[in-house]
Amino acid sequence: MDPVACEDVAVNFTQEEWALLDISQRKLYREVMLETFRNLTSIGKKWKDQNIEYEYQNPRRNFRSLIEGNVNEIKEDSHCGETFTQVPDDRLNFQEKKASPEAKSCDNFVCGEVGIGNSSFNMNIRGDIGHKAYEYQDYAPKPYKCQQPKKAFRYHPSFRTQERNHTGEKPYACKECGKTFISHSGIRRRMVMHSGDGPYKCKFCGKAVHCLRLYLIHERTHTGEKPYECKQCVKSFSYSATHRIHERTHTGEKPYECQQCGKAFHSSSSFQAHKRTHTGGKPYECKQCGKSFSWCHSFQIHERTHTGEKPCECSKCNKAFRSYRSYLRHKRSHTGEKPYQCKECRKAFTYPSSLRRHERTHSAKKPYECKQCGKALSYKFSNTPKNALWRKTL
């Protein structure tokens, strides 16, 4: 198995995210960080008699003490036997910033590599064979510029990964299921999922993931928790990435542009879906029935029709569903929620399909035509024997 890099297992919370964790999640977090601090101790780090949560909430002090500690020729019981040496303070360009950095640490140390900080506040303890053990990167230049959207990167691999978001290139393929990824770390995470060896197992469905952050995110698919709220329309989201994409619907930002037709999109996933309208690609094929799918998620839900798995269960009536989307649709039958509203008459609907059908009454659009009499309607009668006589004309 490939060595685990720090960025693949980093536990990294912002203050806002930390405030959203409940007691059980913080307890799990402390257990993970305890193991991390033990690893730090094994390479010479000294801790005062303070609790773990306090240590993590004060990373700047730990950051400084780590620099000033005696880390002389640390040799890990590792794969390469590299020697780590301490750098004098005068060789460190250390400047404190006002904003507290976040901490990143590695569960599985490979030659003792440890990272503390975020992208703008990052120090690595590296074995450079007798040279720099600490490399401070706060004010390092970012020579790699991405124009779509405008972002700068310090390292070329990060820049290449960002480029693949726009080009759709996914050079790393999983041998188990064929799913492709833009980075090698994606493959490692996928292999953990297939092997079931991840240290964090979901108590609802048994799915294993390799790091705490992904575990907490996955848990929300079962609990329905939505901690990210849009300030403009008060809509809530389970994931920060979904929240950011939604915000672009208000700002009008569309950073992903198709090079073939010039159409732009709010999200990378929408852009990738659009690209397949040009290529016709359906890379996910069911081994049991041969049906192909454009999306891995659709493929996984389809597989459940063969296995009979229904992981999403309604707490009110115990009815189970194959997909979370179907579960949400069913949930509205209990709550009476109607989130889809017509912009013209303000009438609300439970499902988006009902809204689209209603909107045709305003536009006079009638895409269905009777084969026998030629009469046009805005929608077909799906529950009548006459359904077979209607065909879609648009």
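In case you wondered, yes, glycine gets a Cβ from its N, Cα and C as well.
Per Swiss-Prot, the stretch carrying the note zinc finger among 49-71, 72-94, 256-278 is 256-278. With helix defined as DSSP H, G or I and strand as E or B, the zinc finger (172-194) counts 11 helix, 4 strand, 8 coil.
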